[in-house]
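Undergrad: Here's a structure for you.
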């Protein structure tokens, strides 16, 4: 016998104890591989995701040198016009702000007027521009250069028109190396060739070898290669040789357009001997040229050496970690916390199963002198071991997955990674989360196992542990606190965050109360048949194992129900807020501005693809020369505006109207007809909602008003808003030039035309305020132009017909709009389905784990049942009900708990809307309606969760259970 | 074990001062070489021990006023029918359960007055258990199982293993050191369990039917080992149904309905048991 050994220093002794505990846990984990793998997967999967996200984010953050290469290629610098004319400027070291050294009052140097020559020969000033500077004036002697210019142009694709950046850069030149990565084919070598980004090829439906045509240009280009921009993989860009596209395309634009939009001006990539130093940059600045230098990016000058910071330009903007939005961090922490809670709740029962199966072993440890501390250490070690294994496996898998899926991830992030960046401290932190999760999940089973008496563990006596008395009381308090916070947050403030926090507190309280609530479920037992009664009683008597599983289901279901309720409520609100633009099933074609020329083609496309039964054409009034048809905003172009008699003007409208009234008066005006909301959305938009057309327009708008039709036929204008009626007439102000219109809200100046009017009984059908018969328009001296058509249909066009029409309209390459009134169409059903599925999977998983645990305990009962002659299926039935009971309790409690956050969020919305409403009233917006924020319970989702999921879980458990009892020897320690 | 061990041929002297017959006041048996010494304190002393399970109509008296001292070098067999209180006596003696009344003193510590953690510490340092089967922790090797009480006591793994190997060697079990329980026979497992029960300074072995799951030959080998450890100075209580195993003890205590109905020296017990068998 060896002599008594001393334990030594207490801390060291404790460490030795833990080593023994970890050894037992590690070997046990290897012995029970199935259970270990289950827990490992539960913890490792989220860890894999988080570490993959970390590696992806870090890899996508480029170094300064990598960023410089992507923007400058192999060049030393890029020189460009600083945009302030030929005068000295100051610039930031890394390109950003530029200011002229001498600031003139206008802020711009020597601005030059740009004029427009009208078709009638008149000349108007279109605006002012700063004269351009040729960057080559700052080219150092002996430097190599490569021009780089781009312009946007409408390119014809297989689906229509696409506004695409066309870049003139000799991408194959060594100076440009690194800017564009050739994927296949080659870069253009001739003037009729182009290369295209994969992003462009994807969205245009074209391919290498296709011909590209640009609208308005009478030549085509052959695509000879595909490339990517490493920092913008989804970029839609075409590449041409310098001079191959921009000069011929510029020739198609008017001088004024070119002057007002001077794109296509080249910058130059420059290669010099040595570096392009900060001194060279400052020299270039003296000539009005801005420089983006690689050397300066890599080694920025001291702040004192950057003159721009000595001007009133201010200090450089510094981005640091403090810039991270706290709300995003809070959201991240909340999501991570809830995920950890969910994993703990799911993995907890698995550890409890382990502890229960190892009770003999733990009893032996107790018999050999292990006290509660040692038993706890052994069970906690199982969490530690599996958590650590999950940390290693999850992190490694995350890194490997990132490496394997690099291409896909780069596509998702939208840029090439600089390299695979692994931050050991961050990955260790992520791994630490796994260890923490494992430990937390095993805390409750560890405490439970330690509370078990050694004797009971050794004899295998099945004791029913007394429920914790503290937990339900704390849960009740937390629930009350949570509900109070929700109430305060929604009734007294509009803090959504507080409301959600309150809901989370309440849910945590409910999780703590689960054990007590399960006890209440037990009272239902007496009315149930044998198998469900046994299952329910067993679940209630063994709350220690039932409660975590029920809580896991509760948490998952509550989250899903909360989102589902909120989404359903919002969908209901959207449905209520939906305003139709046409009678159901009707079609409208509208072509304003430059699209007017495509009207005939679009009409033909509609008539070809849709089952249309009648067409009604409408026109609009326009003011000004022929050029105004294309762009009404040009100088010399005007519009008409309906005049409202002063008596009909809402007293609270106008710049000062609201301030003359008290809040009570403003609230009273909400119900005043003069202050009602006007001008809803219209399928065909015309100035002031005024259409020119005949009686058929009324039919198209769903107006059945014989008197109105007769009035139109008589040549009277039909008015749908009585506010504009002025003693039997309606007055239009003809504004000659919109660019000269006063912006101060006063009555616009111009000739006033008065037209006889008929006031229709109906108010503003589908956003139309007035229909002017052509005769009356002509008589008033208005010039009109076709605006569009209304079509009635024999049936609602099908999805295929809609796609066919969209394709035809895209081929025309027009900006004309075709609108089909299909009524309110909800969206987001997919989210609800996904959430329901998620909750279902968690429910089945948690209930399955709890059932496995219950089976371990129930084996003697089942043997007894078999011994007294119970048929084999009783085992299956009991297992099915054990699973179903956990699922039912979880989903019922979860559904109840989930409605609270939804109420909190909706009440928060309501509070905010009412605040906005009151503010609008205060600010004098008369035409506001009190907000309606409905709260809808998604009964279909709830029914699916409460009925179908538990049923499925129970059936699944019953199916996978053996009907014959286990005749093997009793489980080892 | 190379040869069949047999119980000691020489009956112990009932007149030895340490013997004391069926009295409850002192030691009852001794051998010439390692005679239990009345002059020293008993390793285990049970005084007026009572254990009542349940209350009211469900009340069961598992033990009624038991007095028993076990001295160093003494092996006491406890026999009796099922439900007589044998196992309860053993669990109370080892501090796994507490008596309803009376005292349990192990190496001078009154377990009824001690804190739970002190009782656990006592089990680590003074008391060793051997059960009928499944004595070893499946996740640990033989050496680690033997070292477990030491490691739980805070001794380093290296030192624990060293002590465990020494103990196994002492028991002639060194070749089993790195085997896991499922790689050993039942007899080997029980012998390793006895080695664990006596590792370090533990001097009290409580064996609850240690041969119950073994064939008679292996059972004898296990008992021989237990006997030899007691001869070397340990004190032991052996709960058994088998008279032939009880013959290894210095004293045999008969329990019925929680009371000691007879306490006899091994020689008397042998004749009693033989007579009982003949009847």
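Positions of Cβ are set from backbone N, Cα and C atoms, glycine also.
Just so it is clear, the model here is predicted, and its values are computed rather than measured.
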Undergrad: In TrEMBL, which of the ranges A:18-35, A:36-53 has the transmembrane segment annotation?
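TA: Transmembrane segment, as annotated by TrEMBL, spans A:36-53.
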Undergrad: Of A:470-493, A:590-613, A:614-637, which span is tagged transmembrane segment by TrEMBL?
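TA: Per TrEMBL, the stretch marked transmembrane segment is A:470-493.
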Undergrad: Looking at the ranges A:830-854, A:855-879, A:905-929, which is given as transmembrane segment in TrEMBL?
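TA: My reading of TrEMBL: the transmembrane segment range is A:830-854.
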Undergrad: Given the transmembrane segment (A:427-449), which of the listed stretches A:36-53, A:470-493, A:499-525, A:939-960 has the most Cβ pairs that are under 8 Å apart from it?
TA: A:36-53
Undergrad: Where among A:36-53, A:375-407, A:470-493, A:546-568, A:939-960 do we find the most Cβ pairs under 8 Å to the transmembrane segment (A:883-904)?
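TA: Between the candidates A:36-53, A:375-407, A:470-493, A:546-568, A:939-960, the best contact partner of the transmembrane segment (A:883-904) is A:546-568.
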Undergrad: I'd like the per-state residue tally for the domain 'ABC3 transporter permease C-terminal' (A:350-453) from DSSP, helix first, then strand, then coil.
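TA: Going through the domain 'ABC3 transporter permease C-terminal' (A:350-453) residue by residue, I get 86 helix, 0 strand, 18 coil.
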Undergrad: So what's the average pLDDT for the domain 'ABC3 transporter permease C-terminal' (A:350-453)?
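TA: That stretch averages a pLDDT of 87.
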